[in-house]
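Written out below as structure tokens is the structure these notes cover.
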Amino acid sequence: MNTVFQIGLTVLMFGSLFSVLTLSLNLQYARGGMINFGTVAYFAAGAYAYAIVTQEPPHGLDQYLVGLDMPWWVGFIAAGIAAMAFAILTGWPTLRLRGEYLALTTFAFAEMLNSLLVNERGIGNGTVGLANVERPDANILGLSENIVYALAAFALMLATAYAFRRLLASPYGRAVDAIRDDEVAAQAIGKDIARLRFQVFVISSIPIGFAGALYAMITTLVNPDLFSAEVTFFVWIALVLGGERTLLGVVIGTMALVGFQEVIRAIPFESVRAAEIAASAEDIVTGILFIVILRWQPFSALARRRQAA
Amino acid sequence: MTRDLLVVDKVTKRFGGLKAVGGDAGLSFSVPEGTFLGLIGPNGAGKSTTFNLISGVLKPTSGAVILDGKDLSVARPSDIASYGLGRTFQTPRAFPSLTVLENVMVGADNEGETLLSVLRGGWRSRERALRAKAGEVLDRVGLTERINDVVANLSGGELRMLEVARQLVRDPRILLLDEPTAGVDPSLQAKLSRILVDLHAEGRTLVVVEHNLHFLLQIADSVVVLQNGELLSKGTPGEIKADEKVIAAYLGADHAA
Amino acid sequence: MTLLAQYALTGVVTGCFLILATIGFSLTRQVEGFLNIAHAEMLGVSAFITWGLNAGAGWPIIPSAVVAIVATALIGLFIGRVVYDPIRKLGPAVVLISSVGVAYVIAGLMHAIIGTGIRTLDIPLATTYKFFGLRITNYQMIVVGLAALTGISLALFLNRTKTGLAIRAMSANPELAASRGIDVRQTSRATWLLSSGLAGLAGVMLALIATLSTDIAFHQILQILAVAILAGLGSLYSVIVAGLIVGIAMDVSVFWIPAGYRPLIAFSVVIIALLVRPEGLSMKRRS
């Protein structure tokens, strides 16, 4: 019974955390019409920013150059800013590119960030990463740390969902929908396409930065391996699974995927080989899910339009 | 002597080696404020291209388009629209994710569409006013019953009316209509004709491209005839109907006697 | 100076490999109309079939390679028919994302069957030759030679044979081609076979000159995308030029920046190209 509770808690914690990413992806893609294959970059920017800002200054054998030793909430804010900065930097020149090309440039930028983190040891110790990342004292209300962090992740997810929902229900959201539906017609009524797209792109990156900070707090470790393209594709698969029509669907899809992975990880494997095969099976199943779901339930954003009532 | 609201000044447009609009001298005509100008010509005359050049979708190879004294050469289509120019398209365009009412509401220039405004709130009261205004416009084009319907349920003629409504709610100074009667059944055409006459009476400037000469020549003030991207003739509808060059250009085509 | 020249030479070899790897990708992009991310995985499939037959079953290298290439061509055709054809009407974005799914499945299968770690082919060690103070191995020369041979054969095929001309027609304008009586299904089939076969060939080359690990395909995808985008929608020739540019840029850059950034050089070239001249090296814009 204890394992079920553990698994449940982990699903809640990481499911909520990654739901923030999926929600942002949903905003960018399903509503904004922009394909972003570089989601992990904002996550990494946030996590690393948090780690660097809260880390002690380097000493001894440390290879990293900067540690500001600030309190955790400063780090948290810095994470959001870092993600936003990365989005501004990489979004500004590329957002006018067509769908598939935008996908590729965002992907490339994410790979570039990863490469920078690996090769420039001054940033974060390269592949070794930064360990013992500072985290706030979570033993409040007598609850265990894990529970508190799970609740924090859940709260972040709710806050993000609420913020996006409010944005999309406003006239702003209406304009965003119009642009996604028909750019030419939107221009004919004076909508500044480039500006609105850019804003959506940048805004949706901020919660991802926060999620990165929270992730760093939970794992107390940041290194480039944690932030590979796999994360981006994981979130994409979650989006495909949950469908993009409702925010609830997005969250459930993410939770389900995290749950699926956790269950497989919980199975005790007798050999390294068996574990390898299980990991491969995970990939195969998620790939198949991807294909099957897209075929029978493609995004309304790209396939057919809003169905007649 | 009313001033010119829109001036097309020696405009040419080339696509690769092909000259789509403007002969050696370029295409030139002007639209005084408050006029109802008809733009006609046989197929391939460059009418839609001219519209695209005016509304900024295409940029002229040479020459300039001037709206209310402003040179539109470097302006984006959205900028041009915000200067007060509205246009509809040959195939009506709509926003399928939005209802009919929302399609019109989104047309209005809206301070509620900035991030700042979303943060501050207060857009709800403006929405009420906007909803009312949109409702009025939809009533004018006869789409009141369809207000909460989805775009997918609308017929071609209704879509066209929706497009007109979306532009009307913006209160444009000059309205460009690209083949408004195409695909519209005769009863709706009559309504469209009345709407255009009313708009004209209100003092709006209209430029309408049409194949249906019977429809257009009855209500326009003046007419410009294009052929192969160049100006063939211009004048009042009466003059154009009698103009031999125009008749020859339309040889065989259905035109008002 | 010689060092720079040596890098340039290796760059040519890399470029030739990239040409082989990317032609197929460009082909499906133009004829089928989408970016097939799983194309890179096909290189891995071919490389490992070759390895399996050669190092595993003890076959000599050439039969192993031939079987691998044919098998890859057939697998590619199968995937094209079963997975991509039904969803093509949903638009290139959906198919792009689906191809990511396909890549996952193939990668997963390879990991499951082969496990992780590095494998090597059972072939003689490379012999190095020296020309004008520059080194090149025999396997590298094979890559260059095969790239040249493939380029010429492909050019002949696309210009002289019925299927080849059909493929060219379809890549320029599918609707027009169909209305002129070209058998779309058959041409599509031919395209998949050709494209996957070329990926198979590139995979064998990869097995010859690089270290074989099951992640190998993923590392190639960035470069392949880079070359394809730089080449634009043009002909074979732009792929050749683009391949050489990217290959040489990548290897020469090692002179100044750490080797870890190599794949990113490829992509920087492309990002700049996309921003400055979106149609790439070709003259055409998609209508």
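Using the three backbone atoms N, Cα and C, a Cβ is placed for every residue, glycine included.
Taken from TrEMBL, the feature transmembrane segment applies to C:7-27, C:33-53, C:65-84, C:90-118, C:139-158, C:192-212, C:224-249, C:255-276.
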Same-chain residues near the transmembrane segment (C:90-118), Cβ under 8 Å, at least 6 residues beyond its ends: 33-42, 44-45, 48, 79, 83-84, 211-214, 217-218, 221
Top partner of the transmembrane segment (C:33-53) among C:65-84, C:139-158, C:192-212, C:224-249 - counted as Cβ pairs under 8 Å: C:192-212
CB contact flag for the transmembrane segment (C:65-84) and the transmembrane segment (C:224-249), at least three pairs under 8 A: no
Residue numbers, six or more beyond the limits of the transmembrane segment (C:224-249), whose CB comes under 8 Å of its CB atoms: 8, 11-19, 21-23, 25-26, 29-30, 35, 39-40, 151, 154-155, 158, 171, 265-267, 269-270, 273-274, 279-286
Intrachain residues whose Cβ lies under 8 Å of the transmembrane segment (C:139-158), provided they are six or more past its termini: 10, 12-13, 16-17, 19-20, 23, 126, 129, 164-165, 167-168, 198, 201, 205, 208-209, 236, 240
Non-local residues, at least 6 beyond the ends, that sit with Cβ under 8 Å of the transmembrane segment (C:192-212): 13, 17, 20-21, 23-25, 27-28, 32, 39, 42-48, 50-51, 65, 68-77, 79-81, 118-121, 123, 137, 139-140, 142-143, 146, 150, 167, 220
